[in-house]
Each structure stands twice: as structure tokens, then as C-alpha cells.
Amino acid sequence: MLTWLRELSDWIWQDRLWFPAGLGWANLKDRDGQVFAKGRDLWVIFPIAVCFLIIRQIFERTVAVQLASLLRVREKPRVRAAPNTTLESYFCNASKFPSQSSVEELTKQSACSVRQVQRWFRRRRNQERPSQIKKFREACWRFTFYLLAFIAGLGALIDKPWFYDMEEMWNGFPTLPLLPSQYWYYMIELGFYISLLFSVATDVKRKDFKEQIVHHVATILLISFSWLVNYIRAGTLIMLVHDASDYLLESAKMFNYAGWRKTCNYIFILFAAVFILTRLVILPFWIIHTTWVYPLTLYPPFFGFYFFNGLLFVLQCLHIFWAGLILRMAIKFLPGNDIVEDERSDREETESDEEDDDREKREKTKNGFVLNGNGHTVLNNNHHHSKME
């Protein structure tokens, strides 16, 4: 068994898959005082991720709470659903959104009216939605990390030639010496994204939950792979581009939860501009162009070349998807709109929603049709008789 695993490992990590012809892992051995990235270095990201989880818990319970109080973040009053064993069992075991036929069946079992059952499920769903304070604390934590990561990344790259000339990313590849600043930038970023995967079960769930998971996994694979095969320079630029706009979005959400509407809108405008510039212009037309086109002028294509650019393509597709959400959110800047809401958020249901539903039904009744219990349209006989008279 061990022999088979060793053979499989040797096949996966053979030189011709991950490096241009004539180059390989032997070129990445430390020599002459130069240190190169090694796969075993990545083990440190797991204790770093655990440290991030601990620091986050302390930060959210101290700094974030104090900041929420300072910005006067307020909870929206919620009416709790009355205890009901029958409805609670259906809610937990069957569905949180019962169909009309299920509602009618539940009215018989619970001795409640249709209106009462619908109101109970509305209130029960609201109880499970995250509070304003929880969302503020999460945004505050991410804002702090992304801002510090962007500042640190910019400081580490501002004096590097590949920051200004993309082609310098490949100058001397793969024998690119590892700098201490690059080492810590990589380990901290990887540790943070690993911590996000660990905490995904307790974080605020949004409509793009699956896309977020794909993004985190693709980012971890991309950063890890660029470390293994010494695409260090390209990797640091990609991380910096991502950090450039994330802290702006998180700060906009913080002011949104605090009710600072104009501040939120102004920051969101800035975020949208930076996001489009970095994710839809700089990343594809500068960085990806240099990782896809320029290497082919130096080496024949190899599997590692396609694998790295394939991961970049996945990220770019996600960026396009999120750009669409951002544009939808930008519509809220039209006259009459006071605040920018996160399109990915699950909107809290209110009692007015129920009143709107009833009003809509009354309007339909006036127009000569109503919906029966199965959702089919039937003629309103009373309205029809009045017309005939």
C-alpha cells in the first residue's frame, strides 16, 4: 500500500507536469544563501487558521461590540412565534416554507386558522435570521483583516519591479528566491481563507453561499499551487488585487447596519469603482494576460500552466457574477432610494409583508378572480353577479 501511494505521489509531482521542459523540483533546492518555497511550509497555515478563529471570537466580542455601540447599531424588534409543537415539528423536520395544501393540513392539526399558521411560520423564520449585531460583528472582523492585509501586501510589493512590470513575474522562473515578506503574506492569507471555511457553518448565509464556497476553495488551491511551483510573484499580485476592494465592501455593510445611509452609499460607490477596476480590468487584462500569453513566449505549454490559469478563469467567472450583483445594487442609487442593501442577503419578513399579500388578494377579488386552495384561478361569482345586475 505504501509503495503504491509513493508511486502515485511520484507520478503526480513529476517535473514535466508542473514545470517547463528541462526544469523541475531540483531547481527549487536552497543554495548559495537563497531560500525557495517548499510544500512542507504550508502545514503552518492550519495553526494560523486556528489562531484566526480564536482571535476572531475575542475581536467580535470586544472590539466589534464596542464599535457597534459607538455607531448605535440597533436590533429590529422581532415578534417571536408562540410555542406550538405541531408547527415546530413541521418547521424543523419538513419545510420552513409550507405549501398552501400543507398550510391547510396544519390548520386542522394545530387548531389554528390559515392566517395564524402563515403568521407563525413568518415569525419563526425571522427568529433564525441573523441579528444586525451578528452581521455587524462579522463585517467588522472581515473589514479589519482585509484592510490590514491590503496595507501589508502593498507595503511588501510597492518596491518590487513586478509590481510595475508584469513580465518581471517570470524573470528567472522557477528559481525565484523567497523573501520573508512573501512568506508571511502567503501564510497569513492562506490561514485566513482556511479559517473562513472552518467558520462557514456559523457565518451569515447569503444567496451566493455556494459561489462563496467555490471562491474560497479556488482561492486556497490557487494560492497553494502558486506556492508549490514558485509562482510567488504572480500569487502576491493576485492576493493584493483581491484585498484592494474587499475592505470597502465590508465597511459599507457596517455603516448599512448602523443606519448611516449616505456614508454607506458613498463607500459603496467607491467599492464598485475599485472592484470593477481591479477584478474586471487589472486582473484579466494585466495579470491573467501575463500568466496566459507571456509565458508561451518563453516556454512551451505544460500542465501546470493550464492548471494555474484554469483556476484564475474560475475566479474571473465569479468576479463577473458578483459584478452583476453590484450593478443590481447600484440601481438603488436612483432617486427615491435611500440605502444600498446587499443583494446576497435574505430579506427579513415583516408583518407588512402579510398585509401586502392580503391586499393583493383583495385586489384580485375586486378584479373578478380569486385563488382557490390549490392555487388555481376561479371566477368571483359575487363580482360577476353585480356586473350582471
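Heads up, the Cβ atoms here are built off N, Cα and C, so glycines get one too.
Secondary structure counts, DSSP: the DNA-binding region (72-132) has 36 helix, 0 strand, 25 coil. Taken from TrEMBL, the feature DNA-binding region covers 72-132.
Residues or ranges marked as compositional bias 'Acidic residues' in TrEMBL: 348-358.
Annotated domain 'Homeobox' per TrEMBL: 70-131, in sequence order.
Taken from TrEMBL, the feature domain 'TLC' applies to 134-335.
According to TrEMBL, the region 'Disordered' annotation covers 344-389.
If you look up TrEMBL, you'll see 42-59 (among others) marked as transmembrane segment. Sequence-distant contacts of the transmembrane segment (42-59) (same chain, six or more residues past either end, CB-CB distance under 8 Å): 140-141, 144, 187-188, 190-192, 194-195, 198-199, 224, 227-228.
Taken from TrEMBL, the feature transmembrane segment applies to 143-163 (among others).
Outside the transmembrane segment (183-201), and at least 6 residues removed from its termini, the chain residues within Cβ reach (under 8 Å) are 37, 41-42, 44-46, 48-53, 56, 145, 149, 152-153, 156, 212-213, 216-217, 219-220, 223-224, 227, 232, 235-236, 239. The transmembrane segment annotation in TrEMBL covers 183-201 (among others).
The annotation transmembrane segment is assigned in TrEMBL to 264-287 (among others). Note on the transmembrane segment (264-287): residues 166, 234, 237-238, 241-242, 244-245, 248-249, 251-253, 255-256, 312, 315-316, 319-320, 322-323, 326, 329-330, 333, 339-340 of its chain, located 6 or more positions outside it, place their CB under 8 angstroms from a CB of the stretch.
Non-local neighbours of the transmembrane segment (307-327) in the same chain are 208, 211, 214-215, 218-219, 221-222, 225-226, 229, 231, 234, 238, 271-272, 275-276, 279-280, 283-284, 287-288, 291-292, 343-344; each lies 6+ residues outside the stretch with a CB under 8 Å from one of its CB atoms. Residues or ranges marked as transmembrane segment in TrEMBL: 307-327 (among others).
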Long-range neighbours of the transmembrane segment (143-163), counting only residues six or more past its ends (CB under 8 A): 59, 63, 169, 171, 179, 181-182, 185, 188-189, 192, 233, 236-237, 239-240, 243-244, 246-247, 250-251, 254
